[in-house]
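Visitor: Can you keep this structure in mind? I'll have questions shortly.
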């Protein structure tokens, strides 16, 4: 590729990446069908105290993602704060991750380009154990028309700890790139990765991007997991068909490129559980499957087992619970 063509392509990429930055950062969004978590887009590039502090904050927030890719890999030389301006040696995965979470722009049209990345994180949702009277009388409006569950969160979203699962994403011409994706070791195989993927697909739809391009580690179990989630192995012909050119994606050794068409938004339906001052909206899919009521009951039971706040609830005689389905009462 000539210098002029490369410069033109870099300009096209920078333009395509802007759409991701039109979405709100550090805002909490509900994941439909996952009542115990929420997700948010994070930006560590614009840390008030500079990018070095941004890196430290990212490593404190989603350290498990760094650990997943850095374990067993060569570390950068001690005592050196490597920047993209230093290019006499091959960069380490540690530096790749640092530059990615802070979205380091390329210094030239032929240099490494980490610009445009944002972190999307899945976090545990807090459930209050004591609800003041009329706390849920008025529902807050949605933060974004295309992000989050179909209706406003009920109860309101509140944080309850550090991220469980995280990924790094970047918009491109017709695709959303996902080079890093990781879950806490203790939280694996519990559906959190699937919930984060659901959030990423939602972000892609909001950005009008029809494909996800995933960089998977070349491990049989990991590849099988992504295959089960709808991803396909990407050939050279696929890359050409998707309009992906050399240098568009962040590529690392011992990885496999995969892709997936972004599915249409699912037709979630809601049910609101009400008891005294407490109200909780849950979502389900109107499918022909049996066991919808049983799944909702299990979700409600799981919510009831969450650790409540230390403030005790007032003693009162329990009233008959009322379930509202799509705004209609059902006893």
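Just so you know, glycine gets a Cβ as well, placed from its N, Cα and C.
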Visitor: Do you know which of 278-304, 305-331 TrEMBL annotates as region 'Disordered'?
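Guide: Going through 278-304, 305-331 one by one, TrEMBL gives region 'Disordered' for 305-331.
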Visitor: What average pLDDT does the predicted model assign to the domain 'N-acetyltransferase' (109-263)?
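Guide: Here the mean pLDDT over the domain 'N-acetyltransferase' (109-263) amounts to 91.
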